[in-house]
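Data block below; observations after.
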C-alpha cells in the first residue's frame, strides 16, 4: 500500500536509484578498461551493496506505511513499517560512509604530491569514518533487545531517550555538511597551479566538487529532523520527508562520486563524434571533387569540311569516370554522343550518374 505521502517517497527513491546504479556501472567500466582501479573505487564498490539494501528498505517502508496517516494503518502494519524504517537508518549510515570516503580518496589521487592537502584529506576521511561509525553503533545499541526499535512493547525492552537520537542526528548532519563542503572547495587550490587549460581545469574542479549537492540534501534533512521528534500528523507520516532527504543525500553522494570518474569516457565519446564528423565531411568533399572530375573527352575526327559547333554530352559516374561516344571508340562507364547544331534535342543519357554537357568550338579555320 502506498498511502498519502508514500508514493512521493517511492518516486524519489526510484528517480535517484536508477542513475546511481547506472553511473556506478560506467565507473567500473572506465576504471577497469583504463587500468586505473584504486582505493576510491573499492570504497564505492563496498558502498553499493549497502546502498542497495537501503534502497529496498526505503521502498518496503513506503509500501508498509511510512508516509501514511495513522488511521490508515493497523498496529501490525506499523510494526513492519517501523522495522524497515530502522533498517534504512542503519544502512544509510554505512552506505554514505563508504561513498563519502570514496569521494575523499579521489582527491587524494589528485593531491598525491602535495603533503599539506594529503594531511587535510586524511583528516576528513578519519572524521567521516569515526562519526558515521559512532552513529551506526548508536543506532544498533539504542534499544535492547534490538527488536524494541520497531516493537516497543517487547518484554524487558530498554531504549535511550529520544533526545539522544536527536542530538546524534543533528551532530552527524553537521559533520556531513562540513566534510562535503571541504571536499568541494579543496579542488580549487589543489588544481590552481596544475598545468592545464582553463576549460579543462574548470571541468575537473566542477566534477570533483559535485559532492556539494549532497550537503544541500543534508541541510534540508536537518530541518526535517525536528519532525522525527514531534510529528503532528502521526509518526509514520511525520518521518517521510526525513527518509526522502536521507535517501537523496546518499543517492547524490553516489551519483556525484561516480560522475567525477567519467571524464575519460565523456572525452572519448566527444572525440569519436568529432572524428566521425570530420571523416564524413572529408568523404563528402572527396566525392564532390571526384564527381566534378573526369578522365577527358575523346573528340571525334574533325572533317576539314565541317565548320560548325558540336555539342559533346558526357557521363560522369560517381567514381569519377566519364565516357563519350564517338562511334564505339570512346571509353568510360557511361555513353556519350556528338550532335550537330542542326539537331536541337540533346540526348538524355541512361544510367545513374552526373550528366555534364560541354559546348566545344571545333571550327577549322
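Yeah, the Cβs are placed from backbone N, Cα and C, and that goes for glycine too.
As the structure is a computational prediction, the values presented were derived from the model and not from experiment.
Note on TrEMBL: of 6-30, 156-180, the range annotated with the feature transmembrane segment is 6-30. Counting Cβ pairs under 8 Å to the transmembrane segment (82-105), the stretch among 6-30, 42-62, 244-266 with the most such contacts is 42-62. Summarising model confidence by region, the domain 'Rhodopsin' (26-267) averages a pLDDT of 86. Within the chain carrying the transmembrane segment (42-62), a Cβ under 8 angstroms from the stretch's Cβ atoms is held by residues 2, 6-7, 9-10, 13-14, 17, 20-21, 24, 27-28, 81, 84-85, 87-88, 91-92, 94-99, 101-102, 105, 243, 247, 250-251, 254, 257-258, all 6 or more beyond its ends.
Sequence-distant contacts of the transmembrane segment (6-30), counting only residues of its own chain at least 6 positions beyond either end whose CB sits under 8 Å from a CB of the stretch, comprise 41, 44-45, 48, 51-52, 55, 58-59, 61-63, 65-68, 240, 243-244, 247-248, 251-252, 254-255, 258-259, 261-262, 264-265.
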